[in-house]
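A.B. asks: Sharing a structure below in structure tokens format, with a few things to ask.
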Amino acid sequence: MLVLSERLQCLKDLLLSYTNLLKKGLTKKQVWTKPHNTSIVVSAQVVLMTALTDFEPLAKRIRFETSAPTSLASSFKVPTFSFKIGDNDAVNKERRQNNPLTRMDIRPKTGADGLRGVKTKGNHQRIGPRQQQNLKSTLDQWLVKPRRNPSTADGCQIQEDVEMDDDDSVLQSTSAQVPDCTKAEKPALSDSDEETQPMTPQHLYEDNPVSPAFMDSAERTSSPDLPSEKQGADKENTSGKPHVKWLGTPINDLNRMPECGGPLPPLKDVPGQHTVMIRTDLLHNGKVPVPYPARFKDTWDDIHVKMPCSSWNLFPVHDEETQERQNKSRWELIKETLNDEFTCQLELKNAILKYSSSQAKKWDFTALRLYCTKVLEPDAAEHLFDSLLPDMVQLALRASELCTKPIPLLKEGLDHSITVSQEQVACLLANAFFCTFPRRNSRKTEYYNYPDINFFRLFGGGSSSKIEKLKTLICYFKSVTEQTPTGLVTFTRKSLDRPLNWKSSEAPLTNLHITCEGTIEDDGYGMLQVDFANQFVGGGVTSSGLVQEEIRFLINPELIVSRLFTEALDHNECLIITGSQQYSKYTGYAQTYKWAGSHQDTTPRDGWQRRCTEIVAIDALQFKNFLEQFRPDRLNRELNKAYCGFARPEEQSQNLSAVATGNWGCGVFGGDTRLKALLQMLAAAEAGRDVAYFTFGDSQLMTDVHKMHSFLTQRKICVGEVYDLLEQYYSSVCKSCLGRRPEISLFSFIFQQAGSSPAPDDSDGDSPRHPVPTDCS
């Protein structure tokens, strides 16, 4: 009786378990049993019948465990069970996978009422259709009251509740065959179901450890027996996809300098092409470069920078005795004034205005006053006036000693390079801080088409952004006055001789890495880093601007000196700066920008002792009308501008680093992010460069651009064909658009025209606005 009681208890457990499965409509279950060393595939019904008729001792009775189903079958769902007899171990899953004689073929068999998924090879015993049907009918009568008019919800529940073990990878998705369950009602339980209510997975298998995969499957079940709040939580937990941070080619697979670069030619001065302001024969790693020539060459003309130390830098003085106007050297006045000690910001202000008297009523020093009196602690302010500012003065007054060669102006249409030492750059920027450059304080002079260089606009106003700018620049001056930098920086103005015929280009698209995290300067190290420039390079760095370009010029202040000699960029021009060093860290953007301390730049140097940081300034067009940017002439302008910055015809493609870029010309410039991303990919492809694209937090843009890139590359659509699609979009969609934006977005149009693949949801034209800014001016 004891054995019989135990057997009945086992039967009860099995019946309760099997009830849950049958109530979900799972009518056919395959079960593994292993009597000693013989494996048999039988149905769950047979297991129950055996429990009723086989009165083996308790030690040999069958107990079951769940296996780990890992995939979802679409046509039918079969949970697998592993049975143990006595002390024998469960069937080894790996051996079962590797042994073709013991694999289950879970493809449906043909024929009415055939048993699905059972192979008859080897020792497997097949249960005939008639026997299986008899067993099923018997168990259905015992366990549940037959349902009338089963609804399609039963089939839907099967699809949702059970996952298949896809080790053999033989099931294919058949979503077309899945019934629509969205409106199906769940069948009501009959009165006879009261004692056979389906149990939760935890109750079913509480005596045996449950595999994570099965638990995951069970928790996704929309069972009426689970509390509603639990169902909602489970749905939320399982439906959420892991946050994808990047797509495409891994960024470490892209070319970076100096690893990808070829050997550099010898550094030398080439008249009309390259001005080198140091002794190249004395250039050594870790040594401060020596200026060339040894003595200052005074030049005052329209093709060179007018230096503050020039003897031609004069200002009129009214002689009270003779009542005549006399010209005196402004440089002598500058030296005399700056050599006096400053003890407060008011004395510094008066010193600057003494040699800029015509600006006394125009210039505002509010930001400088707030920085010195409200921001700095007393001991820091004391250090500023007692130590740092005097060091900056001495650095500025060495202009005739350090910058001995005339600095050419990089005028419009002039392809020319200037290579200077970091010490020379520091000297020039110190003069910019003290506002000593002549004829650069008004737009009415010969420099009307050049950016500001003197810092007088930076000192004005009381905004917090000005304070943060001052912190960042003071950090730079502190660094260069405490330890003289030893490298070189090259500034190259470059123009595109002839515009390209984009429609005829057969260049294939190159690799793309796109990410919604990271920054161009940090994660794009060693790459060609795009400065989303203003026509006047640096934008508002010395005034109120504080977006991508201004931030880059602040943390790499050596870029600011380009404003001294770079005329406004034309449509076919760019400026390339190689070797600038990062001195500061920051957080935020625009109004949230904050200086975050000094930065130790460890970027390696090339053969010319330049940091392997190459930045290209390309200015995008500004659009007030959204549709205007799709005009062919506007497309050509942006493509040619980007190509001018990316192309290096003299270099081999394998020696070119990838382009690190982002939402160029978007935000306040009105550019469509998806169009700009596509145009930059085309320009980079024509230039033979891969692309690392930073969306600055826009994950939807990341997904959409990657889908488009994959779509085009998989179909081997070349640059010219994409350009043709852009023209088609303008002529067939934009020209006929009566509203501000077209109803059909650019990416949707390309998907429709270039293939049958459905377009992703890329919103109406442009990406939605995000808290993280997408523009750079």
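Each residue, glycine too, has its Cβ placed from N, Cα and C.
When I checked TrEMBL for this same protein, it listed these features:
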- D531: active site (ACT_SITE)
- E549: active site (ACT_SITE)
- E550: active site (ACT_SITE)
- 227-238: compositional bias 'Basic and acidic residues' (COMPBIAS)
- 377-493: domain 'PARG helical' (DOMAIN)
- 501-702: domain 'PARG catalytic Macro' (DOMAIN)
- 103-136: region 'Disordered' (REGION)
- 162-252: region 'Disordered' (REGION)
- 754-777: region 'Disordered' (REGION)
A.B. asks: Counting every protein chain present, what is the number of Cβ atoms, excluding its own, within 10 Å of the Cβ of E549 (active site)?
C.D. replies: 25
A.B. asks: Per residue, counting other C-beta atoms within 10 angstroms of the C-beta, which of the active-site residues D531, E550 reaches the highest number?
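C.D. replies: It comes out as D531.
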A.B. asks: Any idea what the Cα distance is from E549 (active site) over to D531 (active site), rounded to a whole Å?
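C.D. replies: A Cα-Cα distance of 6 Å.
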A.B. asks: When DSSP states are grouped into helix, strand and coil, how many residues of the domain 'PARG helical' (377-493) land in each?
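C.D. replies: Counting residues per DSSP class in the domain 'PARG helical' (377-493), I get 58 helix, 14 strand, 45 coil.
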A.B. asks: In Å, rounded, how far does the Cα of E550 (active site) sit from the Cα of D531 (active site)?
C.D. replies: 9
A.B. asks: Return one of helix, strand or coil for D531 (active site), based on DSSP.
C.D. replies: strand
A.B. asks: For E550 (active site), what is the secondary structure by DSSP, using just helix, strand and coil?
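C.D. replies: In the DSSP reduction, E550 (active site) maps to helix.
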A.B. asks: Taking the domain 'PARG catalytic Macro' (501-702) alone, what is its mean pLDDT?
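C.D. replies: When the pLDDT values over the domain 'PARG catalytic Macro' (501-702) are averaged, the result is 98.
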